[in-house]
């Protein structure tokens, strides 16, 4: 537990002493809570990643026998061959875990907690106790979710979207009994955690900024996390309500989502008034903003990392803030693009198409701004920078296919095919993951006081980027050829038989990608033990977190909180002798006008 | 400091890695382009067989061309910045500019312009696809259930008898009461047969959970939602046999929920309708 030793050493220097439990387990310190969120998310990522590997095993070589897995997982692989119900529970749990229990928790819970107080010059979050509760709901929710694998019937098979009526009655299939109930309860618990967190972030950013830290001086990572918190606060309650309504349908005899006259598993629904589309509207009202809950923090992190490693101010800062806000606002108006073929009125399809294509404008502006930030810079290729560049590539690749999917007429063809799987694995899954790695490589020294190994970090990137393209790019072709998602095997369909080579290639690339990301785990373990000690500001960065020690002491700053005199992007300021000017340097020092004749 | 050879190892490393990153980004782009070219021959949209499908394919080609060009340009640019602006000497200094109103307005307007055009094209095609069917259209009811499809034809009298899925049984498929008006000659099948060039109006419903009626060669998909009847139409343009698939996750048998669509000449269709196996 090198993490703990490292923290302990710094904590010694702080005046007041707390017990081990209070400091590292039930901690009120935002930094510890942030790290707890990250570590727990990584454990869940390992689970979610392994589930994906099992899926790829089936899809690459459908119906093959894997005797070893048959021995390890006799329920899922009777006689060594994966069973269909187990495949669908992998689909469901992989999506659920990766979206809610890895990306959301790591990016907002992890980076949000760690970065916000440090970047705004606060000593902690506004509500530390609420913060601790927010974290502790996360492992509880995770345990409830994973328990679904071990109950009779197994984990739910209805996908991460849990469309009713498949998810609304135990008669609809295996896993739709206790497994689905646990899924819903777990999600409800996690949503409460997100809400606690969001309230905290919003209050902290609005109330606890240090002297001189106006909103328009905030680093873009904090801006992104702040807007994301607002987005979470407004959208997650809708899913919470939907989850509770679905629990009522399942256990209290209500029929919010069950239509009269449906006959499921031999049982006729008699009570009227329910509509399966209501679930979809409620689900996607969160589900779409959720995409941006993942990608906005990644965008903020990437803006930060690119500017720092280009040694150049971020291009178009006010527009960056504006586009984050615009994307967040528009994300509430596009949910219907998931429902073009659902039976929703076609006129609504036109409206949602329009809002969907509008949201491409701020997204494109952000991409141009990153390129303009790189243009004319003095680029350093740290692992953080490599992953930030990877983010831009993946985000663009996935974003562009959004223009095809946003066309309802074409969407009719590729909806629920691998084309969609390819699209979102680029634009939000891989891109957000790369953004997260950019952030981890960048702030790891601040978190743990040790440098990550650069060479291993570069290897991680060099393997991960091609493997990510190798995994998800060919999925476009499978989708264009008409391969449905969430099918256990495409062998039923003659027209898909030409895809077996593509599917096997995707699987092999996915395995390489998994190994590549494992390099990060190796790097973390090695660096915590043996890594070079980090100085306060190893990247010559400007924002406030780099003005305190690595890791920062309890309370973040010494006697006095820092005072801010400038924005977070004074890189390569003309007239300044160094190529960065921290936010704490008074305006008269290193200001172009003041130093012209001097120095 | 003036001589490149005298740079610190750290700076030399950044200079090297900049080239490497550019090469990687370009290589990935080139691989993506080559793979796509190969894919157009082997793993592409299956041959189209409906009028709506042809219009959708045209829209696809337009949008696909635009995004392909943007994909390549952005990646070329990304690789170029890595190469051109990599740190090569310790004395090098980055530029300080961070605003350019004209440039920003330019790319915003250009992007918005392209998207407005796409919105107009896409919106009109969508409304066309979902317009009301021509008067001569034949009507077929499509009923989905875990894990198969049934097709309900009105028979010679042209009257589609009401279905009652709560009374669906082996003796009265789809719960149709044969004594009811117009029900005696109704035909229920497991395969969908259509007449070439004759528009067809489908009434899509589900008995249990959500399914999705998917005909890849028609570029057509529509969810079957229990509790509602969704009306859609299209016109098959080529005779042949085409697969029907379920595209919405509907349970463990989702992957086997297939059927067959046969597009036939009017004579073939009538013969099939009249054959004892169909009745």
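Using the three backbone atoms N, Cα and C, a Cβ is placed for every residue, glycine included.
From the options A:6-27, A:314-335, the stretch TrEMBL describes as transmembrane segment is A:314-335. It is A:282-302, from the ranges A:282-302, A:534-554, that TrEMBL records as transmembrane segment.
Between the stretches A:251-273, A:504-526, TrEMBL puts its transmembrane segment entry on A:504-526. Each residue in the domain 'Cytochrome oxidase subunit I profile' (A:15-565) has a pLDDT score, and their mean in this model is 96. Long-range contacts of the transmembrane segment (A:347-372) within the same chain: residues 299, 302-303, 306, 314-316, 319-320, 322-323, 326-327, 330-331, 333-337, 339-340, 392, 395-396, 399, 402-403, 406-408, each at least 6 residues beyond the stretch ends and with a Cβ under 8 Å from a Cβ of the stretch. Counting residues 6+ beyond its ends, the transmembrane segment (A:461-484) has Cβ neighbours under 8 Å at 383, 386-387, 390, 393-394, 397, 401, 413-414, 416-423, 425-426, 430, 434, 437, 490, 495-496, 498-499, 502-503, 505-506, 508-510, 512-513, 515-517, 519 in the same chain. Proximity of distant same-chain residues to the transmembrane segment (A:182-202), defined by a Cβ-Cβ separation under 8 Å and at least 6 residues beyond the stretch ends, is recorded for 92, 96, 100-101, 104-105, 108-109, 112-113, 116, 125-127, 130-131, 133-135, 137-138, 140-142, 144-145, 147-148, 151, 155-156, 162, 225-226, 229-230, 232-233, 236-237, 239-240, 243-244, 246-247, 250. As a quick check, the transmembrane segment (A:86-116) and the transmembrane segment (A:504-526) miss the bar of 3 or more Cβ pairs under 8 A, pairs 6 or more apart, so the two do not touch. Within the same chain, the transmembrane segment (A:32-55) stays apart from the transmembrane segment (A:314-335): fewer than three Cβ pairs sit under 8 Å, each pair at least 6 residues apart.
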